[in-house]
Structure formats: C-alpha cells, structure tokens
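What TrEMBL says about this protein:
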- 46-67: transmembrane segment (TRANSMEM)
- 73-91: transmembrane segment (TRANSMEM)
- 129-152: transmembrane segment (TRANSMEM)
- 164-184: transmembrane segment (TRANSMEM)
- 196-216: transmembrane segment (TRANSMEM)
- 228-253: transmembrane segment (TRANSMEM)
- 265-285: transmembrane segment (TRANSMEM)
- 297-318: transmembrane segment (TRANSMEM)
- 325-348: transmembrane segment (TRANSMEM)
- 354-374: transmembrane segment (TRANSMEM)
Amino acid sequence: MNIHLYKHSRSDEETTYVNLEDKDNNLDQHLLPTPAKEASSQTKSIVFALLTGVFYALHNFTLGSLARMGYLARFNTGIGMVISAIIYYIYKFIMAKKNGEEFFNREESVFLDQKTNFAHGSRGRVEPWIVVGILVNNIFKIGGGLVVIIAFKMALESGLNQGIITSLFGMTPFLASLCFYCLFNEKLRISQVAGMMFMVGCIVCIGLGTTATKLNTKMSIHPESSNATAYICILLACICPVFFAIGGLIMRLMKVEFQTDPNDFTQVCYLWQAPVLVAGVIFGYTAGGFDFVLAEFMQMIAAGMLVSIGGAFFNIAISCGNAGVAYSLINVQVIIFSVLAAVFLQQIPSNIEMLAGTLGIIGSCIMSIGPSIVEKIQKSIKK
C-alpha cells in the first residue's frame, strides 16, 4: 500500500504528518485544509485588513485636529481603548451567562500556555513569558502612539504635509515581512510582492501629491517654525513602523508559542495600560496646564474606540492570511484619509494623488486575485 503523507500545518503551527489512507487514524477530515478553505481564509484576511484600514483612517482623521495636545491626545485615546476592552468583556460575560458557561474559564485564560497546559489532568500554570509579552507589547503600543502623535504635532507646527507622514508608515509591510520570514519562514508570492509595491507607491504618491500650502492655510499653528522641525518629524515618522512591526511580531509569537488568542491578548493589553493612561490624563489636565473640553475629550475617546475595533479586525486578518499582505492592505487608510480631507477640508486631489488612487486599486486587485491567477496560469502551462 502506498502511503501518502499530508503536511497539516501553517507557518505558525506545529508540523504533523498523517497517513491519509489509514482509516484507523481517527483523523477529523473536516480539519484538513482544502483549496476552498485556503481561499476562504485568504479572502477573510483581505476583507478584515481592508476594514482595518477604514477604521484606522477614521481614527487618524478624528485625531489629526487634536495633535496639538501632544501626549495628552495619546493618553485620552488610550482611555477609549480601555473602554472598548471593558465593553468586550461585558459582552463575553453576557454571552457566557446566556449559554450557561463559566465566564472565568481557567482553560481559556490568556495567561496560560494553551499548547502544554491541562494535559494529563493538569490545572496549568501562568506562563511568565506571556506576562512579559503583555508588558513589552504595552511599552511599544504606548511608545509608538506617542511617537505618532508627536510626529503629527510637529507636522502641524512646521506646515509639513500630513499625507507625507502617513505615507512613511508604508515601510511597515517590509519590516513585518522581514521579521516573519526570519522567524516563521513565511514567504511571499511574486504577485503579492508586486501588489505591495503598488500599495507603497500609492501611499508615497498621496503623500507627495498634497501640497504643504494647503495644510498651512488650514491647520498650521506656527508657520514660522524652522525646517529642522520638519526633518525631526520625518525621522519620527520613519521610526513609527518599527513600533508597529514589533507589536505585530509579539502578537504572532504569543500565538505560535502558546496558542494565545490574539483578540484576548489585545484586550488584556488595553486593560493593563489603564493605570498609566489615567495617570497621564490626570497629569495633563492638572500639572500639564491643558483645559478640559468635553467635546475634545469625547472626540479622543471615540478615536480610541475606532482604533480598537480596527485592531480587532487586524488580529483576524493577520491570523488568517499572510502578515505582509495584511500590513499592506490596511494602508488604504491613506486613500480614505485623502478623500475625507478633500470633502471636509477642501483639499482637492491633485493629478499625482489621482494616480496614487489608481495604484492603490491595482495593488489591492493584484494581492486579492493575483495568487489564484498565477496558480491557474501555472496549471495551464503544465497541461
């Protein structure tokens, strides 16, 4: 009898081999990935990555006018993230009661290694590296958020185009792909790489296409600021993708090593940030000298909740498909932000910005249907 081995694994899972012709192996056939399931997973990843871009664009648009508040804007936004985490756990509590399940289920705790715990009747133990991962992830989340808001503030003060700042975030896909390739051997197809190039080209064109004079007339606070501020702003914008990529890397490591649920991990991170965020907000409105304005405060809370929803969507996208592609697709936020700016800030797109939109559409199409087209072409050539 010929033995056919099927490799049942993804890049982030333990590799196992089973004999498909052995009827006694008690293998659940529905667990075996099929081409249809793989295609469905990729489609799901693309959809949620695009939704992530939409919510991130709304977050950036909401937060842009409040960048003058500096670190306080980041801390207030963080409070919105904490509120969204509380709402998430209230929802889980209600659903657990409705289904007659335990809300505090030890076996599903985010702090336990789901790969090795509870074997042979063990109650499991807290995994120290998960706690370390939460702490390190929070450091990069808060630090990255502060770098972003400082970069936007400097852009306003120096009259620098905010589109250029957000376009520099397009380096994140390259950093993420490099990290995941080195650690998980997660390779990209040629069509996906081509799509990433179009998306990055789209982002750069949008950034370069919006003139600084438009921004100066609408949002500049200190037109007399020196060019040195603009250079520092660009440098900070180049550093931002490092924080983004490392945050995604920590999330992926937790899932690979301990089977930690990405969404629960994110919500726990938000809750653990609460003491630092509350302290920062209190300091800002007291010793920091900021005046409390309810409308601005609620606006920042809403911005935080928007980015939380986007983050949840991104966790789904990155767990279903290729991380580098997901990072590229969420950059549609730049396109959406440009449209919002044109409608609400009267920043009419230039020719190069229209070119950028075209590149974005082409890039999205290549990454969405490119792999299947290449596969069909290869099959037809073999025939």
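Heads up, the Cβ atoms here are built off N, Cα and C, so glycines get one too.
Contact between the transmembrane segment (46-67) and the transmembrane segment (129-152) is present: at least three CB pairs lie under 8 Å, with pairs separated by 6 or more positions in sequence. If you count C-beta pairs under 8 angstroms between the transmembrane segment (73-91) and each of 129-152, 228-253, 265-285, the highest count goes to 265-285.
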